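Reading through the structure tokens given below for one structure.
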Amino acid sequence: MVVPAESFQSITSAAVNLVQSSPATWKSALLSNLLIFVVGLPILVTGLSVSGIASAFLLGTLTWRAFGPSGFLLVATYFIIGTAATKVKMAQKEAQGVAEKRKGRRGPSSVIGSSAAGCVCAFLMINKVGGQTFAQLWRLGFVASFCTKLSDTVSSEIGKAYGRITYLVTTFKVVPRGTEGAVSLEGTFAGLLAAIALAFVGYLLGDVTAPEAIVCAIASQIANLGESIIGAVFQGKEGFRWLNNDVVNVINISIGSILAMLMQQLLLGH
């Protein structure tokens, strides 16, 4: 069956208009994600399992619906940088037994654990909780959550690859790379740069103002310090077997998101 040129042009025009819908709708979010995921599949498979891609598609649709193209691009930037950091010196990490499973290809639990706080902010935005007064606050929390997670990922992966001295944040005792709650100067510095970079992307995209970008970067570092303390003191210990990496991720990004929003409210004098 041959589609007439006029009909094809009409369909294409309708699709373009739908993608450009402002504010975004569920239909425009779904179509936009479908097009981007099809084109970007070769990149997606390097960092996600099949079920992970399905979870990421749902996350992308939700993000586009709540925050439009800028929110989606922020998450895409997070994914690209985080995946690149995970792949750094993968052979060395595997030999040392500290590499992520499946060569860093993350599954649905990791996707959900890394985006839980951002998803909550997205739902609050979509449902207009707090009205226009709180809209920017939900956007700030969204950006801060991904700054926190990217900083955590980059600091961990670069630390495992290049960290010369790795020590527990609670006792400063030198421990092997990959130990829960362990940090290195190299990894910490890389994580800080990653948070600043993603916050700057959020600023360029118009999701946050320059002062809010600074708040995101600061909140991410405080949250990651807290995550390291949780890892050193509780994770893997008797009575805390349930506290796995995914649960700690949710706690970490929630702290970063909430802290950023609280800091912003205090700065505004509210």
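Please read every residue number as a count from 1 along the shown chain.
Here the Cβ of each residue, glycine as well, is placed from N, Cα and C on the backbone.
A quick note: this is a predicted structure, and the numbers were derived from the prediction, not measured.
Annotation source TrEMBL lists transmembrane segment at 34-60, 66-86, 107-126, 187-206, 247-268.
By number of Cβ pairs under 8 Å, the transmembrane segment (66-86) is matched best by 187-206 from the list 34-60, 107-126, 187-206, 247-268. Contact count against the transmembrane segment (247-268) (Cβ pairs under 8 Å) is highest for 107-126, out of 34-60, 107-126, 187-206.
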